[in-house]
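Worksheet: the structure to be examined is printed underneath.
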Amino acid sequence: MIIRSPEPEVKILVDRDHIKTSFEEWARPGHFSRTLAKGPDTTTWIWNLHADAHDFDSHTSDLEEISRKVFSAHFGQLSIIFLWLSGMYFHGARFSNYEAWLSDPTHIGPSAQVVWPVVGQEILNGDVGGGFRGIQITSGFFQIWRASGITSELQLYCTAIGALIFAALMLFAGWFHYHKAAPKLAWFQDVESMLNHHLAGLLGLGSLSWAGHQVHVSLPINQFLNAGVDPKEIPLPHEFILNRDLLAQLYPSFAEGATPFFTLNWSKYADFLTFRGGLDPVTGGLWLTDIAHHHLAIAILFLIAGHMYKTNWGIGHGLKDILEAHKGPFTGQGHKGLYEILTTSWHAQLSLNLAMLGSLTIVVAHHMYSMPPYPYLATDYGTQLSLFTHHMWIGGFLIVGAAAHAAIFMVRDYDPTTRYNDLLDRVLRHRDAIISHLNWACIFLGFHSFGLYIHNDTMSALGRPQDMFSDTAIQLQPVFAQWIQNTHALAPGATAPGATTSTSLTWGGGDLVAVGGKVALLPIPLGTADFLVHHIHAFTIHVTVLILLKGVLFARSSRLIPDKANLGFRFPCDGPGRGGTCQVSAWDHVFLGLFWMYNAISVVIFHFSWKMQSDVWGSISDQGVVTHITGGNFAQSSITINGWLRDFLWAQASQVIQSYGSSLSAYGLFFLGAHFVWAFSLMFLFSGRGYWQELIESIVWAHNKLKVAPATQPRALSIVQGRAVGVTHYLLGGIATTWAFFLARIIAVG
């Protein structure tokens, strides 16, 4: 007889018909809160409604219910993303010059928006070349579409409709997984299964399918486009997929099918999976065959990674075991207890994810220009500047968000009674040492970095250029950075024998790549000017970290307010009768951190914009002479504060200031309007609550006199609300001002 082990019981991991679908309930403002559902007494109600609508912690303390709401909201978010993407593709299909751009990307600018001629507004439609009049776009969509093999506006229509269908599907999924089949808490906490699906499914199969698309569709179509074939003559994507002979004409190894794969003769496939390095001289982008190879390799790694964790089969790693085994000689209990934190506090989990994703986004910003992935991206200076700026801002916001949710975790989810001598506890116990040392580093960096500039301004003002820190007087060369550049420039042949050129032209060693008489990329020299501004970067980043980290480490208690945890994540002051305890909540640290994040990112994008215009971007003559946009003035001008003001801000603002009456005039209006939005923020940041309450009561008196007083009592914004409105307008105004300044400048001169 055969003895079988008993079949493992399958766990039921969903609740059916968990919560009924009720439009009546959703139509009641504030239905998620007993207090808010009563309706407004004062105008504070509308602010609380916005503040608490998505604060699921405040609706219920049931972790399972909170998890389900977050999960469902994610589908709503995905739906909006698909809707947005669909809109972008629809604009490309309906309003753009994509097909014209595809036929001549060096002389025709990308445009996907035409302004209706209402009372002279058609002035905004500039000539982007090829007889098309519209607004020049700088989002990089045209370049992505070309890289993915889209050759007609009909294909864009089809994709737009597909994205709409997916948006509807996501909306349905969000409803279904909350109201019809809601996952149980155990499902959300099953981290090994989640890792397997995310690694092998999303990243592994996602990369594999993209590699497949690139090999079978993008590569052959781009090969034809690069050879100058008319897009209308190129076979359609399905023809390449269904007809192997068609591909074999371009890539001979296709004739052999899968035989080389199974006989391990993989080098046969080197005609479409390459390892070249550097840029394609035709398009100024990375070799698409390198990119396909990269995605195939990434897919293999993640497919393997997705099979490492123990699920139903009792084989593989358990995350709890990994964390608890992670102990160093000086770290006490090490990571013990972190597993429980990360499976019961979604704020802690989100905090880590935001920190990682924020850092990754900033890495993306730096790779988009140094290794431009799409065809004709590198010579589209407006798009290059926009992509760098966009990814820097997004990265900054995500990192501040990481600190915000770390602090919320500390206040709402941290249980000091169960934590002893693990890493988090040890960090909290020596927080004074951490913060005071970090503070010292900030003071040192601030005085020394600004001191170098002040010295240069003083020497310059006194007419003593020989005593300045510059490449031509007292040199402060960034020797470590230059060493790293040099190492990378020499790497091919030494560390990566298959590669013909280094990963990025910026390292040096190579020649410049120019497309259609414009510089795509060249080796970027670093000198004293970069050394100086680099230390400003170090200073602003350290101060941002100081503010955010102090907020997290002192979120629960401090010498000033030992019972801070009881006051919550955001509070104005420690009650009446305790002076000097305002602006100490964890929320206030996020508020202050946002301003320093804004400082830090502003210096970075200014550095990038000027450096690229001065030392990289420009035109090249038939004799091979490069003329940069600002003629290499960065090295000598940016070493004084006066130089930044005069030769960057003022000199380069001339395009936006003089844009009235031209197709760039919208940027001039935005520049003005965004300054107003920014200035408006100061009204909220500089005046106290009592001032406004007094004013309101005077206005209410006037309304009463005229018998037009509303039933809902007007109230001044609370201290926290006023700060939130202030910082929002400060950042919005500042970012929109920078956007208008950058784009008017680069579209005019680039």
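Just so it is clear, glycine is given a Cβ too, placed from its N, Cα and C backbone atoms.
Residues or ranges marked as transmembrane segment in Swiss-Prot (evidence: sequence analysis): 70-93 (among others).
Annotation comment: Swiss-Prot describes 156-179 (among others) as transmembrane segment, evidence class sequence analysis.
Summarising the annotation, Swiss-Prot assigns transmembrane segment to 195-219 (among others) and lists sequence analysis as the type of evidence.
Annotation comment: Swiss-Prot describes 291-309 (among others) as transmembrane segment.
Within its own chain, the transmembrane segment (346-369) has Cβ neighbours under 8 Å at 66-67, 70, 377-378, 384, 387-388, 390-392, 394-399, 401-406, 408-409, 412-413, 521, 608, 612, counting only residues six or more beyond its boundaries. Annotation comment: Swiss-Prot describes 346-369 (among others) as transmembrane segment.
Here Swiss-Prot flags 385-411 (among others) as transmembrane segment.
The transmembrane segment annotation in Swiss-Prot covers 433-455 (among others) and is backed by sequence analysis.
Here Swiss-Prot flags 531-549 (among others) as transmembrane segment, drawing on sequence analysis.
Counting Cβ atoms from all protein chains shown, C573 ([4Fe-4S] cluster binding site) has 16 others lying within 10 Å of its own Cβ. Under the DSSP three-state reduction, C573 ([4Fe-4S] cluster binding site) is assigned to coil, being neither helix nor strand. Residues or ranges marked as [4Fe-4S] cluster binding site by Swiss-Prot: C573, C582.
Beyond its flanks by at least six residues, the transmembrane segment (589-610) meets 369, 385, 388-389, 392-393, 395-397, 399-400, 403-404, 407, 530, 533, 536-537, 540-541, 543-544, 547-548, 550-552, 583, 630, 634, 638, 644, 648, 652, 723-724, 727, 730-731, 734, 738, 742, 746 of its own chain at Cβ-Cβ distances under 8 Å. What Swiss-Prot records for 589-610 (among others) is transmembrane segment.
Counting same-chain residues at least six beyond the ends of the transmembrane segment (664-686), those with a Cβ under 8 angstroms from any Cβ of the stretch are 123-124, 126, 135, 655-658, 717, 722-723, 725-730, 732-737, 739-741, 743-744, 747-748. Sequence annotations record features per position, and here Swiss-Prot assigns transmembrane segment to 664-686 (among others) based on sequence analysis.
Marked as chlorophyll a' binding site by Swiss-Prot on the basis of sequence analysis: H675. Listed in sequence order, G733, T737 are the same-chain residues at least 6 apart in sequence whose CB falls under 8 Å from the CB of H675 (chlorophyll a' binding site).
Taken residue by residue with DSSP, M683 (chlorophyll a binding site) is part of a helix. Its Cβ placed at the centre, M683 (chlorophyll a binding site) has 13 other Cβ atoms within 10 Å. According to Swiss-Prot, the chlorophyll a binding site annotation covers M683, Y691, on the basis of sequence analysis.
The feature phylloquinone binding site is assigned by Swiss-Prot to W692. Annotation note: W692 (phylloquinone binding site) sits in a helical segment as assigned by DSSP.
Per Swiss-Prot, the feature transmembrane segment maps to 724-744 (among others).
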Paired segments the transmembrane segment (156-179) and the transmembrane segment (195-219) in contact, 3+ CB pairs under 8 A: no
Interface check, the transmembrane segment (724-744) with the transmembrane segment (433-455), three or more C-beta pairs under 8 A: no
Candidates C582, Y691, W692: member of the binding-site residues with the richest Cβ shell (10 Å): W692
DSSP three-state assignment (helix, strand or coil) for H675 (chlorophyll a' binding site): helix
Integer Cα-Cα distance in angstrom, W692 (phylloquinone binding site) to C573 ([4Fe-4S] cluster binding site): 19
For the transmembrane segment (195-219), distant same-chain residues with Cβ under 8 A (at least six beyond the ends): 147-149, 237, 240-241, 247, 250-251, 272-273, 288-289, 291-292, 295-296, 298-299, 301-303, 305-309, 311, 319
